[in-house]
Amino acid sequence: MKYYILFGPPGAGKGTQATAIVEKYNLRHISTGELLRKEIAAGSELGLRAKSLIDAGALVPDEVVEGMIESEFNTVKGVAGFLLDGFPRTTAQAEALDKILAKTGETVTSVVSIMIPDEMIKERIRHRATIEGRADDAKEETIDNRIKTYHEKTEPLVEYYRAQGKYREIDGTGTIDQVRTNVFTLMDSLNG
Ligand code: ADP
């Protein structure tokens with residue numbers, strides 16, 4: 001099984017690109033953000049606890065998302081692999097992922113990072129707010145906190161995976177089509 005990580009700051013376009021990637025490479029898309037929003041919509045206890053953290057631009061506890069990921073790995077069959085979107089987001093989550101995969105003798109295949117500058121993060125999220133109506137896209141303060149959380153907690157993962165020779169970065173500032181072409185070229189070279 002292939003285990004790809006789609007990396008990048010909030011608003012980089014991970015979700016948009018993920019849809020095309022999973023189709024082309026027969027992967028299952030796992031977005032922890034989406035899974036959490038489903039819990040919120042369902043009004044589950046987990047969703048209720050997650051909502052206030054998400055709306056504040058903070059992260060939900062590592063154990064919560066780690067459990068979600070492991071259960072997806074264990075239940076989804078018939079795919080060539082997984083495309084993780086929004087996970088891991090902390091060094092502890094990356095270490096937990098390594099441990100989960102080690103149970104079946106597997107490892108992370110590659111990290112595909114879509115990079116955009118901070119100013120563009122805000123522009124993209126403001127634009128998405130008018131389309132998707134996500135609560136965590138609505139407030140400037142929440143967006144600022146997410147950018148801060150990204151730099152503090154998530155960006156260190158670049159070094160974590162670079163040290164393993166698994167980190168690949170592409171420019172996310174182009175159009176959706178341009179970025180998709182670059183992602184496909186990169187992934188073809190990884191598979192070739
Ligand atoms: P974005 O595209 O803005 O990065 P996501 O849909 O990936 O948004 O995530 C939305 C929110 O869900 C995050 O700001 C965070 O609060 C929570 N979340 C998602 N994935 C994780 C994770 N791996 N660990 C902790 N919190 C997470």
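Along the chain as shown, the residues are counted starting at 1.
The backbone N, Cα and C atoms fix where each Cβ goes, glycine too.
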According to TrEMBL, which candidate in R124, R126, R146 joins T32, R37, A58, L59, V60, G86, F87, P88, R89, Q93, R134 at the AMP site: R146
ATP site partner of G11, A12, G13, K14, G15, T16, R128 (as recorded in TrEMBL), chosen from G43, G47, G165, G174: G174
Of A12, T32, V60, F87, R89, binding-site residues neighbouring ligand 1, Cβ under 6 A: T32, V60, F87, R89
Fewest Cβ neighbours within 10 Å, where candidates are the binding-site residues T16, T32: T16
Residue counts (helix, strand, coil, in that order) that DSSP gives for the region 'NMP' (31-60): 22 helix, 1 strand, 7 coil
